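Asks: Reproduced below are the annotations present in TrEMBL:
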type	residues	note
DOMAIN	A:232-448	domain 'ABC transmembrane type-1'
TRANSMEM	A:44-65	transmembrane segment
TRANSMEM	A:127-148	transmembrane segment
TRANSMEM	A:168-189	transmembrane segment
TRANSMEM	A:231-255	transmembrane segment
TRANSMEM	A:275-296	transmembrane segment
TRANSMEM	A:303-324	transmembrane segment
TRANSMEM	A:360-378	transmembrane segment
TRANSMEM	A:430-452	transmembrane segment
Ligand SMILES: Nc1ncnc2c1ncn2[C@@H]1O[C@H](COP(=O)(O)OP(=O)(O)OP(=O)(O)O)[C@@H](O)[C@H]1O
Ligand SMILES: [Mg+2]
């Protein structure tokens, strides 16, 4: 019996448990055995949960571990002569061969003992599936019956159901936390492997970034230096240019939307800004390459400057454009949260609209706006696609916006893509960069959220 | 029967204003409203209000909730301008000049007609900056010394100086509710307005803070013309010289406070004052 069929039966059992439990509870009242502690539907849920959840959890466990158990059984059943001398990887190879044979995608004519094992695997699989399904369904039925027997007017089923729901929700949020933890751990693990080869101090403070390592002795320019400073500088430089665009424009448009625009204008502009926020960053990348970069180059040439094809300016400008809706929509929320009474107070004293905005509304909203800007900054630092397309690959420690710089995210992408061995320093350096990036954005987010939270406390 | 009640209302208060003897001469009118109608969208909230506000008197606006007291108050310094869909017709004059004249600057009107709101709304700035906000934007002072002086006199007038003189740099939002409201009054008088509008200034305050503010209003009467909205009959009786009764967007009657409270001319006024509806 297949996994999904068993699952279906369990669901049906559960649903049936709900109806039976509910009507049983309703009968209890009708027979006059006192008031119920909980509503009949809670009794229904109680039975349904007992019938469904334990069996479901066991089914999941079998789904995860079942195949391993069966395969271990098959391997154990092989003649000793075949398995005694095998190393671990040979054993895995053999198992794969048996598996393929069982699935009918074997290669050539198998040795007889492999064919036998494959047959045994197929048999065991279907047999175990039947046994497990039958056992689970029987167990579920038993649990259902047990829960039904327990139903009584004073059974606190509501509390039980509430507890179960709370547990379910806690598990879901635990999943998010565990995922985060897993990501961080895997980053740290790989980064540690990198730091085993390259000193962390040299990584953090080195001025030279050229991740190509020599394959042959006589290659040039293949020192394999991993000083992250130029790369980090590139990220900061492009982010700075982006913020110079996004913060003033985003803030002004937020003020306009919140304080000046009529509802009609607002109902048009706000969705357009949100569309701007929804454009995939790849598309911004195209825009940077096809439109902004040539413009920057022309502007530079008119000024008599030499401009790199992938100038920091072009990438920064486009990233700034991308962040405008982000800044403006967050600031708009913050500005709207400033109580109307403050505006009235200023207006009542004879302040003009712009005086009110500059002297009362913006100062009151400032902490929230700072939070919004920091969040935008952490997005700029982590932004990948635009810089992959529009920024350069060469690590330059420069303050000239017309030169090309590279960023942390670009280096991660370029070091991880293409044909590289997985444990070369070049590949591993991507993880160290990722860890660095993660730490920086994490700090920024924590600071930003802290500021936003403190701001909320003042006005709520 | 109202006589005794009125006397009772007066007990806990500063001395009652002497009732006006005859109709005041025209020169005494500070502001006047003629046929003021206010529409919110299609809904008419005020149906033609005529009232004179005399110089250096306290006029109380009373009436059941939703009858248009706040709406009328906001007409007097054009605070309705910024409300979406609100239209005002008729005329409001200040010293004989039309407040709604398009050639007139609303900033100047509001500098002359100040306002105190129902909920204390100090700016999230220091106490000092709260008070000097008005003088600063209107350029009323020439230097820091003058500004200091204005802040001190305003806070003294509002009866707050003694409590805050040592912490002028502390945020205004950190004061108690009653202190905040007095700070807002200080902020309003720092601009030296001629008229002060107060919309239920005590509704968020406890009886002691309320008594403070009532004393203050009695004090301010000498220098300013005051219009106060209140739901508290005793308060209206204690602080005002004349009272206007609003009902469903109409001004039912205006008269000396004593007359309104002891011998109202309209059945609705009598019902409201005796608490038969409201
Ligand atoms: N901003 C607004 N938009 C639409 N209608 C409004 C607005 N403000 C007030 N109104 C309407 O105008 C009428 C008068 O309201 P107003 O606030 O002046 O009453 P009020 O006498 O001050 O009441 P209260 O004593 O409860 O403060 C009410 O019917 C109200 O619904
Ligand atoms: Mg009101």
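Every residue gets a Cβ built from N, Cα and C, even glycine.
Any TrEMBL annotation is an automated prediction that lacks curation.
Context for these features, please: burial, neighbours, distances.
Replies: Long-range Cβ contacts of the transmembrane segment (A:127-148) within its own chain (Cβ-Cβ under 8 Å, at least 6 residues beyond either end) map to 1-3, 5-6, 9-10, 13-14, 16-17, 20-21, 24, 46-47, 50-52, 54-55, 58-59, 62, 66, 69-70.
Outside the transmembrane segment (A:275-296) by six or more residues, the chain places 307, 309-311, 313-315, 317-319, 321-322, 324-326, 329, 383-386, 388-390, 402 with a CB less than 8 A from a CB of the stretch.
Long-range neighbours of the transmembrane segment (A:360-378) within the same chain, counting only residues 6 or more positions beyond its ends whose Cβ lies under 8 Å from a Cβ of the stretch, are 239, 243, 246-247, 250-251, 255, 259, 323, 326-327, 330-331, 333-335, 337-338, 342-343, 345-346, 351, 440-441, 444-445, 447-449, 451-452, 454-456, 458.
Listed by sequence, the residues of this chain that lie at least six past the ends of the transmembrane segment (A:430-452) yet keep a Cβ under 8 A from its Cβ atoms are 184, 187-188, 190-191, 193-195, 198, 203, 226, 228, 231-232, 235, 367-368, 370-372, 374-375, 377-378, 381-382, 408-409, 411-412, 415-416.
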